[in-house]
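Down below is the structure, laid out as structure tokens.
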Ligand code: KIV
């Protein structure tokens, strides 16, 4: 299979084929996931919670992200690698440029940042400098202290309209991809239809152009013993991790996941 690029992802959107994205933090998982057909591997700052054991993503540093991005690059067999800019790594334009360069030099093909319309300047400056950007909207875990918890976003009309306007503005600013976390499916569908770039969802229903999950979650691994409502445990019915990841790829491609019970 040829290497996955932004062109590949745009074609998948145009052809109505779902894009499969999954977090990866090390070489072995990167190898298993890319061989199984995961098209986008997200080196997520969720590593602060699932690898490091913190109760939020805030303690993760750019050096942590670069370390795991390098590992994922070594195991990758053709997927597009997207790396998160962690908390405070893009508070200024200078920070955004310097820290994105570090992640791209570590092996990322694209960076992801969390926020809303205020990110437009960052997005256009990064894309002008050759750094593709994914804008993460909706539930943005780096701002959990402002949001007051990990809650569904965009349920009210005014908030939903603001999210739609932000999505359109970020595409216009140069974002190459959008990621929607924990938003009502109807709103996710509206945003997906309103923009040309691929929209990846998590807890955003089956109408987005692709799906992402945290790999630990979809393997049924959790420190608290609870999994969020939008997660399916793909280990059930499988004998090994490679089987679970292949089942996830198939379920996303065939639009069997997410099902109604995983939506808001
Ligand atoms: O950090 C991460 O894993 C993420 C996903 C939850 C989308 O941003």
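Using N, Cα and C of the backbone, Cβ positions are placed for all residues, glycine too.
Database features, via TrEMBL:
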ACT_SITE  181  active site, proton acceptor
BINDING   45, 46, 84, 112  3-methyl-2-oxobutanoate binding site
BINDING   45, 84, 114  Mg(2+) binding site
Could you list the residues of the same chain, at least six apart in sequence, whose Cβ is under 8 A from the Cβ of residue 181 (active site, proton acceptor)? 136, 137, 138, 139, 140, 141, 153, 201, 202, 203, 204
At the level of the C-alpha atoms, what whole-angstrom distance separates residue 84 (3-methyl-2-oxobutanoate binding site) and residue 114 (Mg(2+) binding site)? 9
Least buried by Cβ count (within 10 Å) of the binding-site residues 84, 114: 114
Site extent for 3-methyl-2-oxobutanoate, whole Å (max Cα pair distance, 45, 46, 84, 112): 12
Can you list, in sequence order, the residues of the same chain other than 45, 84, 114 whose CB lies within 8 Å of the CB centroid of the Mg(2+) site? 44, 46, 57, 60, 85, 86, 87, 112, 113, 136, 141, 142
Roughly how many angstrom lie between the C-alpha atoms of residue 45 (3-methyl-2-oxobutanoate binding site) and residue 114 (Mg(2+) binding site)? 11
Residue 46 (3-methyl-2-oxobutanoate binding site) and residue 114 (Mg(2+) binding site), distance between Cα atoms, whole Å: 13
Which binding-site residues out of 45, 46, 84, 114 lie by ligand 1, going by a Cβ under 6 Å? 45, 46, 84
Same-chain residues at least 6 apart in sequence with Cβ under 8 Å of the Cβ of residue 46 (3-methyl-2-oxobutanoate binding site), in sequence order, are 23, 57, 141, 214
